[in-house]
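Taken from Swiss-Prot, the feature heme b b562 binding site applies to HIS84, HIS183, supported by similarity to another entry. Under the heading heme b b566 binding site, Swiss-Prot lists HIS98, HIS197. Under the heading ubiquinone binding site, Swiss-Prot lists HIS202, citing similarity to another entry as support. Positions annotated as transmembrane segment by Swiss-Prot: 34-54, 78-99, 114-134, 179-199, 227-247, 289-309, 321-341, 348-368.
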Amino acid sequence: MAPNLRKSHPLLKMINNSLIDLPTPSNISAWWNFGSLLGICLATQILTGLLLAAHYTADTTLAFSSVAHTCRNVQHGWLIRNLHANGASFFFICIYLHIGRGLYYGSYLYKETWNTGVILLLTLMATAFVGYVLPWGQMSFWGATVITNLFSAVPYIGQTLVEWAWGGFSVDNPTLTRFFTLHFLLPFMIMGLTLIHLTFLHESGSNNPLGIVSNCDKIPFHPYFSLKDILGFMLMLLPLMTLALFSPNLLGDPENFTPANPLVTPPHIKPEWYFLFAYAVLRSIPNKLGGVLALAASVLILFLAPLLHKSKQRTMTFRPFSQLLFWTLTANVLILTWVGSQPVERPFIIIGQLASLTYFTILLILFPIIGALENKMLNY
């Protein structure tokens, strides 16, 4: 009998072991769909991004009008642009749900997979930030100015660092050019990191909702989970298309309909919705360096998750107190997101400060304490 090409060919063998004959726990739920959804998001963003880059001009005098030209004169340019802009939002929705799943079910105990995942998140955030600057609208320009200016909080080398990032003494043509370069390059870096992420994942195999070793009960990925993933794709692509076709500017900022003007500051500078939680943490500290450190800590704290796990059980499935804490944290992040979108005045200042304090307290102090407490309760 001739050998099965899928299992013998050097390249197809790798694909087969990753996507077709991969042994998968039989009880993984829909929360395990987000990894493949992120893959679809990345593919969509790269495809639409390449098509947009073909019509974009990275020059301060032409960037805004080149985007307008793409939307007006290029065949389906408006659709490509709307899919790309809103696709970023869906990318972040998926990655935040993916991280939430990881925290809830203890997936962070696969340390290498988790750490590469956090690096992926940081790279994605950098990509989204530099991409937001490219249309060269008012909020693009001022967002770039404010966020890059944060580097000046670094002691001694801060100002040099900012001017080095800008390529001059203010956000100008060199900044736009290098941001376009980075925005083109980083998604391919994300692709590479994704392969590393998957390599580490397939070393250990997937976690499952019970958090127990499932080697005795595994089923092939295809056709069971490949079909389940297709349902996920449909359920994500439908709202994405709806958003892109019916209200493409819903999540954008109206300031970006005005070309960038260094002489006029928008009344309220704020980033896209997916950065608002970190922006709220930044604003809640009145000191510049302190704010920058808190901003960095709000994301980098994820690296500590494996070290802060004190429970004897891996997942939160049978840990009601930890569950309560987890959903409190979720509500807390949503409050931070809302506060980040509000102006800096009472009562938003104090709400932001309390929410920021609660965010770090839950992750650093309460989760380990409750985990240890639940261990004690197991003895009774």
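Backbone N, Cα and C atoms are what each Cβ position is placed from, and that goes for glycine too.
Feature annotations (Swiss-Prot) mapped to structure.
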| residue | record | Cβ contacts under 8 Å, 6 or more apart |
| --- | --- | --- |
| HIS84 | heme b b562 binding site | GLN45, THR48, GLY49, LEU52 |
| HIS98 | heme b b566 binding site | PHE34, GLY35, LEU38, GLY117 |
| HIS183 | heme b b562 binding site | GLY49, THR127, VAL130, GLY131, LEU134 |
| HIS197 | heme b b566 binding site | THR113, THR116, GLY117, LEU120 |
| HIS202 | ubiquinone binding site | ASN17, SER18, LEU22 |
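Note on the transmembrane segment (227-247): residues 30, 33-34, 36-37, 40-41, 79, 82-83, 86-87, 89-90, 94 of its chain, located 6 or more positions outside it, place their CB under 8 angstroms from a CB of the stretch. Where the transmembrane segment (78-99) meets the stretches 34-54, 114-134, 179-199, 289-309, 321-341, the count of C-beta pairs under 8 angstroms peaks at 34-54. Within the same chain, the transmembrane segment (179-199) stays apart from the transmembrane segment (321-341): fewer than three Cβ pairs sit under 8 Å, each pair at least 6 residues apart.
Each of 34-54, 114-134, 321-341 was scored by its Cβ pairs under 8 Å to the transmembrane segment (289-309), and the highest score goes to 114-134.
The transmembrane segment (321-341) is not in contact with the transmembrane segment (34-54), judged by fewer than 3 CB-CB distances under 8 Å for residue pairs 6 or more apart in sequence.
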